[in-house]
2 protein chains.
Amino acid sequence: MDTLHQSFTVKFSYDVFFTSALFDPNNKLINDFLTGSNLSTSIKKILFVIDEGVTNTHPALVSQIKDYFIQHNQTQLVQDILIIPGGEPVKNDTRYLDQVLEAVNNHGIDRHSFVAAIGGGAVLDMVGYAATISHRGVKQIRIPTTVLSQNDSGIGVKNGINYFNKKNFLGTFSPPVAVFNDELFLSTLSDRDWRSGIAEAIKVALIKDQKFFIWLEENADLLAQRNRAAMNYQIWQCAKLHLEHIRGADPFESGSSRPLDFGHWSAHKLEYLTNFEIRHGEAVAMGIALDTVYSNLSGRLSTEESNRVLNLIQKLGFELTHPLLQVQQDNSPILLGLQEFREHLGGQLTITLLTAIGKGEEAHEIDPALVKKASEILQELNQQTAHNFSSSIL
Amino acid sequence: MDTLHQSFTVKFSYDVFFTSALFDPNNKLINDFLTGSNLSTSIKKILFVIDEGVTNTHPALVSQIKDYFIQHNQTQLVQDILIIPGGEPVKNDTRYLDQVLEAVNNHGIDRHSFVAAIGGGAVLDMVGYAATISHRGVKQIRIPTTVLSQNDSGIGVKNGINYFNKKNFLGTFSPPVAVFNDELFLSTLSDRDWRSGIAEAIKVALIKDQKFFIWLEENADLLAQRNRAAMNYQIWQCAKLHLEHIRGADPFESGSSRPLDFGHWSAHKLEYLTNFEIRHGEAVAMGIALDTVYSNLSGRLSTEESNRVLNLIQKLGFELTHPLLQVQQDNSPILLGLQEFREHLGGQLTITLLTAIGKGEEAHEIDPALVKKASEILQELNQQTAHNFSSSIL
């Protein structure tokens, strides 16, 4: 009998909104979204899951949300708002996933209702995964509260949890129905978290947009000094570049190419090796430094441009490297990260390197000897700078 | 700052192949598929997960697969072939899911490698789910071995497991990369399983294709007598109608409409109520009978057409109803199935009923009194027939 051919396309679309004070009763943005998408006659429910780090710094948030939905009652708020820990632990322990699944079940959240996650990237990743696998997908809304999640992870199409000690071993590609970036959440971030997310802006500028890199150089001081307007522009531009990349190439990553992971192969491994004591963005800054110097040592990138990258990373207050990024021998833990990175993506090893500021290139082989040399150069630079900093303090 | 709009389409395509003796060394079909899709230079792996019911009736299968991949060694067979129980229990207990995830992890199956499931619909559902959530999706191949999975569930885009005692509470929409329907697997099915899957053909014919319904009427005796050619045509035509429906309408079911679930609201509930002692197809046949008589009682369908449907169901050897489908009062367990069906899909209750043979219509309200009457009519008919059968035996 004849082979039957199946072929169809599925359209995905969503908006990333920028706002201030999302749950101010006078801010109609989220209510307009929720009621605008209500095409049927039945009342939709919305379940909120919030990062404990956010409720700690914004203790009035839960009551603000409840007040908001008393005023805007076309959508039925699930009164039992779920508070879960933030950061990587929420992706490491499946009991948090189960908590969200139980809430979806207990409160009768169906495929036309909403699960809204408020928090950092880890909470959004885990809740997005829970929403996607519940009833084959209830509608997920993302409300990222960190620089990193507002400019990168929170606005994209991926979710996941860690399993078998491997980052994002379980997960799916599943776009949200909307993202709300509220600048007010950024004001309470620690300096470390404020800075950390900017690493993704450096990354996307380096592989895609020379002009944005120059803007980052020119505005590094303002960003380091927590200037709000500069931060807002950085987030908007970085989010825009990420969204363009996703729709332009291969949204669900069927190929082996993943340029947005520039600097990430070593960063992912380093996060595990330090038991997530260093932030994702801090690890990415070090990973960018490593792959930039590697790009220079392998003859792809000029020394001048390589130095500009390292200068920007330092100007923003990042460390250039970490003792665990040093390569002692061929089986150094960090080199295993290369193999794990390949395995997670599958297919051929594909690492993005730089040929110029604003221009990435794919490489399929990485020379461990050059990785070793690059990490030594960075260690030395880092020590010199630390020394200089000490001198200037004395 | 301006709202950023994201929008993109993702294309999905796969073939459903029909064959005999898939792992005969001279049958190049699956090898051609595996090597044809190998666009990169790296060797792909393939992990097999097999339904225990299949290895029991085809004890040589594991060694046939191993021999096949010795001969066709462009794809690397994972020697550790996983055998798991078949039927609903494999979807009820997450330890089987974990077994597949562990195998994916231990054998380094990546996004360019394959997980091939051989078995009935439950095994395909569970393994498809495991493959989809691993590394955000490794490639799944489906090799359905029952009538039901070859003509319906195995060729579609859904997967899932049961959770919180709810059918498919966890799952995703995720197309396979290929489906191989091998007729040889059908030869060892019990009469009950051979018959059971034909219920989905009755269903799809009733809502979409009058001609196919007439073909089923004309070939009911051949099908009941296990005629291979008739069964092959039934499967091919039923699969074709299912594939056309999926690509034509709303592949990932963003709306509330689900015409392919004609007869299924009560069937799903009945499976749970009987602790899966009746087959899915048997329950669907009873669900079709119920919704057909309901269509007649509610003035949608002529009595003559309704009787033709019931005759076909009985001619194929199905029971028309089950004691647990009887409605005693308003909160009869079976009526709760309506609410659960709505909740799983979300939005407005949407049940497909018949206006003619070959023509479905959506209804948003179901009258419990008419459900009660329909189930009583069927109970009486079923008893009469049982009586007639007994008489004719005596």
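Note: Cβ is positioned from N, Cα and C throughout, glycine not excepted.
Curation plays no part in TrEMBL annotations; they are all automatic predictions.
Feature annotation from TrEMBL assigns domain '3-dehydroquinate synthase N-terminal' to A:82-195.
Feature annotation from TrEMBL assigns domain '3-dehydroquinate synthase C-terminal' to A:197-328. Residue counts of the domain '3-dehydroquinate synthase C-terminal' (A:197-328) by helix, strand and coil are 94 helix, 0 strand, 38 coil (DSSP-based).
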Request  = Go ahead and report the DSSP secondary structure tallies for the domain '3-dehydroquinate synthase N-terminal' (A:82-195): helix first, then strand, then coil.
outcome  = 49 helix, 31 strand, 34 coil
Note = Mean per-residue pLDDT in the domain '3-dehydroquinate synthase N-terminal' (A:82-195) works out to 96
